[in-house]
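> Quick paste from Swiss-Prot:
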{"type": "ACT_SITE", "residues": "95", "note": "active site, electrophile"}
{"type": "ACT_SITE", "residues": "165", "note": "active site, proton acceptor"}
{"type": "BINDING", "residues": "10, 12", "note": "substrate binding site"}
């Protein structure tokens, strides 16, 4: 099944009004490959700003987090209704930094995912193992554990993209080999097929999210189950366009 190549840019807690303007203008004027979908995820304070600037038809905007309530006395949280209201289409959920620094667990991530989808916001769902888990040889056990509560709550996977992000590779400059990523992505897809159907699993895009950059992105080109990237630091730089065009 042909799956549209997908590149997400997670700006994390970086950027200013001016730098985000420069990033968006670079994307607006770039010669992007036809067969790619791009989502940029700036800090929440700049969501509206980014949406107002984007003019390229292949580029949309997403948030980096959302809560399980649409409104109420939840100081500091992001509402999916408000994310949608400013024109953003996506939200990143389950990122390892949210799991590590803010103690989000698998069940919370599943609740957030189900709620965002229910309210009409598409989800980039992050899963992945730590270095200790990798060394222990339990990578697949970890990603299956992370996916299981989501599978129990979400029956329609049309608007979900999975990002496999080995925690040991995020922000470290280390990266899984393209071959290793392919093996893990294929196993994730097989697990989805077991729990849903082969048709559903074959339609879900699975991204690689561990220190992808302009230098290594092309090495993933021929990997059948690597459907794109969730990019961190490199999404703030001109090389982001090279990553987007890495399958041209």
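Backbone N, Cα and C define each Cβ position, glycine as well.
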> I need the most crowded of these recorded positions: 12, 95. Count other C-beta atoms within 10 angstroms of each C-beta and give me the top one.
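The largest 10 Å Cβ neighbour count belongs to 95.
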> Using Cβ-Cβ distances, find the residues under 8 Å from residue 10 (substrate binding site) that belong to the same chain and are at least 6 apart in sequence, listing them in sequence order.
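The list for residue 10 (substrate binding site) reads 41, 64, 92, 95, 230, 231, 232, 235, given in order along the sequence.
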> Can you tell me the CA-to-CA distance separating residue 165 (active site, proton acceptor) and residue 12 (substrate binding site), as a whole number of Å?
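On Cα coordinates alone, these residues lie 15 Å apart.
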> Does DSSP give residue 95 (active site, electrophile) helix, strand or coil?
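DSSP call for residue 95 (active site, electrophile): coil, neither helix nor strand.
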